[in-house]
Amino acid sequence: MATLLSHPQQRPPFLRQAIKIRRRRVRDLQDPPPQMAPEIQPPSHHFSPEQRALLYEDALYTVLHRLGHPEPNHVTEASELLRYLQEAFHVEPEEHQQTLQRVRELEKPIFCLKATVKQAKGILGKDVSGFSDPYCLLGIEQGVGVPGGSPGSRHRQKAVVRHTIPEEETHRTQVITQTLNPVWDETFILEFEDITNASFHLDMWDLDTVESVRQKLGELTDLHGLRRIFKEARKDKGQDDFLGNVVLRLQDLRCREDQWYPLEPRTETYPDRGQCHLQFQLIHKRRATSASRSQPSYTVHLHLLQQLVSHEVTQHEAGSTSWDGSLSPQAATVLFLHATQKDLSDFHQSMAQWLAYSRLYQSLEFPSSCLLHPITSIEYQWIQGRLKAEQQEELAASFSSLLTYGLSLIRRFRSVFPLSVSDSPARLQSLLRVLVQMCKMKAFGELCPNTAPLPQLVTEALQTGTTEWFHLKQQHHQPMVQGIPEAGKALLGLVQDVIGDLHQCQRTWDKIFHNTLKIHLFSMAFRELQWLVAKRVQDHTTVVGDVVSPEMGESLFQLYISLKELCQLRMSSSERDGVLALDNFHRWFQPAIPSWLQKTYNEALARVQRAVQMDELVPLGELTKHSTSAVDLSTCFAQISHTARQLDWPDPEEAFMITVKFVEDTCRLALVYCSLIKARARELSSGQKDQGQAANMLCVVVNDMEQLRLVIGKLPAQLAWEALEQRVGAVLEQGQLQNTLHAQLQSALAGLGHEIRTGVRTLAEQLEVGIAKHIQKLVGVRESVLPEDAILPLMKFLEVELCYMNTNLVQENFSSLLTLLWTHTLTVLVEAAASQRSSSLASNRLKIALQNLEICFHAEGCGLPPKALHTATFQALQRDLELQAASSRELIRKYFCSRIQQQAETTSEELGAVTVKASYRASEQKLRVELLSASSLLPLDSNGSSDPFVQLTLEPRHEFPELAARETQKHKKDLHPLFDETFEFLVPAEPCRKAGACLLLTVLDYDTLGADDLEGEAFLPLREVPGLSGSEEPGEVPQTRLPLTYPAPNGDPILQLLEGRKGDREAQVFVRLRRHRAKQASQHALRPAP
């Protein structure tokens, strides 16, 4: 599509319409922009008044002397055609009438019928051989009409050409021998005067030559041929046979006809005589117009075509529509009549169309696809040497002109085909296709042999155009006020325009040029533009210098980011592996790094301060328990991470230091936020009398800190530490990244953890007071109140408070609070248990409270896990309360359970051992004990020996109150006595099966003067005695060897509990006995058994 309008002097070129250039001096460029290539001035499509008058005369003459029926889509009325010509030539009515009258007075042309006899098929075979030797006689009969009106209803004509048309006006074709389907393809020009009473006659004859009978019999093939011989014998010798005729009225013909006509007979004999293919064209000879007399017909038609197409395009522009290449019916009719009357060949018509369209395309706006049809027609009909020398020069000039103009459009394709217009890509692609097809033509190769290949020409045009476009953009971005900041902003705008242009080349234009010409526009444009950009950026950074202000730093950062984006386009070009001017461009920005980092921190700090100041410390919603400042802080940190990713500094060592700075600033901001948010909480709660509101704010503060800790924990992923570690692996010492970045992160997390724990500790302290009060009340409740009822106030208090905290704290902080409360609760319970050691009732309440508190803090898996609940303190308290809540007899039983366990674990016989056999006979309810012996007893007498005996008692005594203790015989001076004595105890089996039930064997050294000395004790559990574990009577009873043990010298916890129960006589008796035994054991130097 052309871009120059009809009058370059009146309307500015399209290029200057698309890009408004600011005219000002360029002072800050060291290299002036190159001189722009001059715009191609296309040849004017307007004619001089004299030329237009001659052409108008010839066009009117064509309409006035129209011949034949109109074509189906053509205009019938001459007045309409004359009116159209008046508009197309912009002729005033008066001038039109004068010219029309003058044309009417001109001499009429000689009317001619150009008849071409192409061929025939299916004609009659008149010769003996079954074939004919056909030829045609044709001419025009003047003054006699053809009856019947139309050709379809005419009667058969018995008259023949030789009888109706003078011989000098009769034309004859060649004779085609021996065929039924002759081909002539001969053309004849037949003149006539009046089309209304003229008719075309064509007779087809079979040439008859004189042959002998012998020759004819030799050609005989069947009986039908024999009949022909007899018929010819009756005919005069040398008389030709009639094959058929075609008679047409000229006024029934169109300007051009191309049809098959049936051959009509003179009689009813053989009505089907075949068909004849005829072509007709009604033409003029000796036209009286000045243009026809002075100029070749081809030239006149070319000018007429150019004038009418120009008018068609202008009419569409006036209606704000684009011409699609279709001529109006009026224009098509006039051009068809003119070409027909001038007898222009199809080739010359195509050539005229090409010359006219190629000229008009350079000055009017219409689709370049209109050029494809004449190109194709010329290529199809091209024959070398067909054109005269001047026509060849004209055609070569049109090729050269269109190629030059097309290249100028391609050079300026960014402005000529803007993407803001939807059909621009299609228009450019159409232009390229036209140029490709033109350069591939045989005519182009012969007439323009020295033209460089089209891809080379287009590539050079694109390179030049890209450079010109860059300099135009550079001028467009020149600031009104000269200065370094303004120059930086202008350069940034220029780089962004370059990036946008490259994106357009990549997405749209590259595909068009590659598919059409195999040219990679994007790679070429990237190579050219990156070099131009690199030079200007380097010059600018040099002017800025090493001291970078905050304002200049922001400008340089945006410029750096834009250059990164520009360099990333390298991967899409063919230059990805080459050396580019923008390689290592980051070095030009090194002085600006401190300014960038400081500005990033300052902006983030200001945003944090602003966010905290506007925070009302209210949760964002039911599911979001932190406040607005936490969200703003997360966004702030995300922006810092985004800035770090944008920076993505190429140098590994410097990138590491930049990352260290980012992490340091982020951690510092986190701690600053903690201080600010706590101060904000104090500010908001200072005037609050409602402690619940203060607790709410404290919960929000703690949640905000927890949210901050989660955000900080994502720093390694957001700043891509793993990728950084791989990059700096060859530069830094091993472990340096871990020691630096991770140490900073852990320090910040530790600080946040401390702040969170402090906040949670404050919340816990508010609850701990209430927990301690309820536990104290629990201990002091009346004895008549059931334990389950006594703990209700404590449990309700915890339910309300913990539900509140669970609602207002995030899960992590709520778990931390539960841990603190649980630890404190255990501490309070331990203190209460210690103060109530002597009260089994109070201890039982505490025991039940501990069980319920464990369930409460576990909360069916929603609270603390069992591992966190079952601490050492909990387990010790649980054991202590289990003991304290027990009765005296239960404690005595537990004591014996403990001694039985001690007996089972003792393997050393340093105190000696006793051997017994015990069994139980359920039928007799008798426990039978055989005390066999003792061995390795300690010598307790001064003589180095002992007088041992064994005391047997069933314990606990409250289970066996009726059974008295038994004793063995005393053995003098014997450390290995053999007792061999049997004892029977009448006792039911049930008490013997209870836990703690045992046979206590106390080995004593008999002392005549004083109290007996204790050798040791042994405990035989009764539930293990044969006969008690089952219903069967015991058989062979095994011996049991029991090492002797001492009671613990420091006292037993159970004995201490029993000792504290002063009012329980049974407990006091038991304690005195066990204390006496412990005292006896402590008098010996040997260490007691563990």
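Even glycines carry a Cβ here, placed using N, Cα and C.
What you are looking at is a predicted structure, and each value in this text was computed from that prediction instead of being measured.
Feature annotation from Swiss-Prot assigns domain 'C2 1' to 92-239; the stated evidence is sequence analysis.
The phosphoserine annotation in Swiss-Prot covers Ser150 and is backed by a large-scale study or a structure entry.
Positions annotated as Ca(2+) 2 binding site by Swiss-Prot: Asp941, Asp947, Asp1005, Asp1007. Asp1005 (Ca(2+) 2 binding site) carries a strand DSSP state (E or B). Within the same chain, residues at least six positions away from Asp1005 (Ca(2+) 2 binding site) with a Cβ under 8 Å of its Cβ are Leu937, Leu940, Asp941, Ser946, Asp947, Pro948, Asp1012, Asp1013, Leu1014, Glu1015.
In terms of DSSP helix, strand and coil, the region 'Disordered' (1026-1048) has 0 helix, 5 strand, 18 coil. Per Swiss-Prot, region 'Disordered' is recorded for 1026-1048.
Within 10 Å of the Cβ of Asp1007 (Ca(2+) 2 binding site) there are 13 other Cβ atoms, across all protein chains. Only residues 6 or more beyond the boundaries of the region 'Disordered' (1026-1048), in the same chain, are considered here, and those with a CB under 8 A from a CB of the stretch are 899, 902-903, 906-909, 911-923, 930, 932, 937, 989, 992-993, 1001, 1003, 1014-1020, 1074, 1077-1078, 1081, 1084, 1086, 1088-1089. Its Cβ taken as reference, Asp947 (Ca(2+) 2 binding site) is surrounded by 20 other Cβ atoms within 10 Å in the chains shown.
In the three-state DSSP classification, Asp947 (Ca(2+) 2 binding site) falls within coil. With a 10 A radius on its CB, Asp941 (Ca(2+) 2 binding site) counts 14 other CB atoms from all the protein chains. Neighbouring residues of the recorded Ca(2+) 2 site, listed in sequence order and excluding Asp941, Asp947, Asp1005, Asp1007, comprise Leu940, Ser946, Pro948, Tyr1006, Asp1012, Asp1013 (Cβ within 8 Å of the Cβ centroid).
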